[in-house]
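Enquirer: Here it is, the structure in full.
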Amino acid sequence: MASLKVPASVPPPYEDAEQLNKAFKGWGTNEGLIISILAHRNAAQRNLIRQVYAEAYGQDLLKDLDKELSSDFERVVLLWTLDLAERDAYLANEATKRFTSSNWVLMEIACTRSSHDLFKARQAYHARYKKSLEEDVAYHTTGDFRKLLVPLVSAFRYEGEEVNTMLAKSEAKILHEKISDKAYSDDEIIRILTTRSKAQLNATLNHYNNSFGNAINKNLKEDADNEFLKLLRATIKCLTYPEKYFEKLLRLAIKKIGTDEWALTRVVTTRAEVDMERIKEEYHRRNSVTLDHDIAGEASGDYERMLLALIGHGDA
């Protein structure tokens, strides 16, 4: 359900590479040309453009973009142009650094990617950083956060739709017992959330709701200021209704005093080819205004044009 508008007739990659090279020449960069090409090419096409560009000009397209662009526009273009696995590896690495650390970004990558995509991100992490994502997450987190995040980023969930109803009922009971005892980081809660398929988890949480009269996240709101509980609730939301998680993230990024451009950029670039249509529908339902309207109101210039093109709006 991607929003990205790819033209019906896409020029061959060598033409795109040539046009991008022209965009860097002369007095000032032609940002409009960059948007018109990169914002309308899918992941496979962007990878081919990078490959052809390197062969034709002996330069890494990403390095040339980095040299020519600046600020939020540079960041959105670079993130978008990265290979999907490279992008996730980069985001995860940033999330383990001291000044940009974010348990939320690590959880988001672990819970909203397919098993195959998460595996490829771990491989890309090895290749780029010469160590494993798991070891960095383990080293940079502590306590209950480490207990949850390490198995989350290590997961390789089954992706089929098959559900074991008896198992769903029994594990719903286990979850309820542990939450009633306020044993929020109990091994059984961690095991269920970090190993079960998304279909199985949905069945378990439906049984939880039906058997105990409350959605699980309602029962996890016991302590509003508990940071681990906030992350646990977000984990469940990402695994079951990612569009609701991303809608809220976008809403908070746009509505806060001083837009959170990093969150806005991250969500748009990582979801444009995945579930942006569902996110936009959820945003409109929740806010009674369209996402493109709010982005246009908060972002400006080339940054705004790139974001709008990626979510399926604008003529850029």
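Cβ atoms are placed via backbone N, Cα and C, with glycine included.
Where the annotation comes from TrEMBL, it is an automatic prediction and has not been curated.
As annotated in TrEMBL:
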- PHE24, GLY26, GLY28, GLU68, ILE254, LYS256, GLY258, ALA296, GLU304: Ca(2+) 1 binding site (BINDING)
- GLU298: Ca(2+) 3 binding site (BINDING)
Enquirer: Restricting to the chain of the residue listed as 'Ca(2+) 3 binding site' and a gap of 6 or more, list residues whose Cβ falls under 8 Å of its Cβ, or answer none.
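Expert: Looking at Cβ-Cβ distances below 8 Å from the residue listed as 'Ca(2+) 3 binding site', excluding near sequence neighbours, one finds ILE254, THR259, LEU264.
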Enquirer: Note down the number of other Cβ atoms within 10 Å of the Cβ of PHE24 (Ca(2+) 1 binding site), including every protein chain shown.
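Expert: I get 19 for this one.
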Enquirer: Which one of these binding-site residues, GLY28, GLY258, has the sparsest Cβ neighbourhood, judged by other Cβ atoms within 10 angstroms?
Expert: GLY258
Enquirer: Name, in the order they occur in the sequence, the residues of the same chain whose CB lies under 8 A from the CB of GLU304 (Ca(2+) 1 binding site) and which sit 6 or more residues away.
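Expert: Correct list: ILE295, ALA296.
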Enquirer: Tally every other Cβ atom lying within 10 Å of the Cβ atom of ILE254 (Ca(2+) 1 binding site).
Expert: 20
